[in-house]
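First comes the structure, then the notes that go with it.
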Amino acid sequence: MIEETHPNDDSYIVRVKAVVMTRDDSSGGWLAQEGGGLSRVGVCKVMPAELTGRSDFLIHGERLKDKQVILECFVRKDLIYTKATPTFHHWKVDNKKCGLTFQSPADARAFDRGVRKALEDLTEGSTTSSSTLQNEAELGDDDVFTTATDSSSNSSQKKDHSTQLVATSTFYEPHPHRCILQYRPPERYTLDQKFSRNLFPFEDEEIVRINPRERWMITGYEDYRYAAVPDKFIQPEDSDSYVQISKNDPVKHDYTYPYVPSPDFTQCDLKRPCGGGSTVVSTQPRAFILKGKRRKEDGERSRCVYCRDMFNHEENRRGQCHDAPDPIRTCIHRVSFMWCADSMLYHCMSDPEGDYSDPCSCDTSEERFCLRWTALLGLAMLAPCLCCYPPLHGCHRCGVACGCCGGKHKAVG
């Protein structure tokens, strides 16, 4: 039991927009919970009423249209998390099954990493502030991770409680029923200290691929967030330039430069004619230019709405984005009845996380290699169209290599 079931915004590890799903055992399918609708779902940290020295993690979902809480599920060590498709994940804990339909694979990957972080903290018992901030910075998947913000209520609480005696903690955060604990001798700490949180949402993070193969349900996804990239994170187009100063008149200064005969200087740059004794150059020497090392202009760069990677518009062609919709690939999966093989392997030969081997994999070291190919041969007897998949898939790969097939990057905004 916890006293506070509505966590603050800065207690969230990750927050995304998704549709909350519930399992219908009668039909064996998933249905939208309580009429459906887009909800804001996140993994947050809460502190139980009994200060046991560690905090719990709660998956909290609130529907956007009416602000109704439709999902509250505690993260336990025995939680079984399944990534069924790139945009649909579900989990089971305490005989309770919940699911989320995300708007994009990027949101799904971010939520998956948030759940993994919560499970790691529960397993290892590492709930210190330093590890929390470090892990959140490493988890950063664009703009779905929340950052802590100071408010007037926080400042007023700091004034009321100027000094706290914390027996087993490094510091006490000024929020009711929430503190981050670490086993240390009792000391006195003031609440006037400020802790900075440095998050780099556009820093390259470790990409965790959900599945190396395609699901038969894949028909393309769209990211409805359209998060614009701040200008301060956009790299300059030409990083080889030194300093560019645009002024009408040359700057007057007291320095003089000895005249060195060079074709770069003309008689217009000299204060006196060449035969008039010592000459003094009144202008600064020209900037040194590295010839042959200036790279080609990169052109305009944007962030892809599907894979969230930066791409160049001039070099964007088909086959560059693996997460983008590919009508030809989807058509091949449907015409060749490959979706039947995926469905059979998912329901019969998948692990607890819902992953299974590639249907066309020839890795003999796999545990169920013979069983998988026997099942595929039996399925091919019922659906002969499966024999058309290898040549069609080979032609599609050639088309991707030539730039004729495959998905293209799409800029946000």
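Including glycine, each Cβ sits where the backbone N, Cα and C put it.
Under the heading domain 'WH1', Swiss-Prot lists 5-122, citing sequence analysis as support. Residues or ranges marked as domain 'KBD' in Swiss-Prot (evidence: sequence analysis): 195-248. Per Swiss-Prot, domain 'SPR' is recorded for 303-411. Feature annotation from Swiss-Prot assigns region 'Disordered' to 122-163.
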* Would you report the average pLDDT that the model assigns to the domain 'WH1' (5-122)? => 84
* What does DSSP give as the helix, strand and coil breakdown of the domain 'SPR' (303-411)? -> 53 helix, 8 strand, 48 coil
* When the domain 'WH1' (5-122) is classified with DSSP, how many of its residues are helical, how many are strand and how many are coil? -> 24 helix, 59 strand, 35 coil
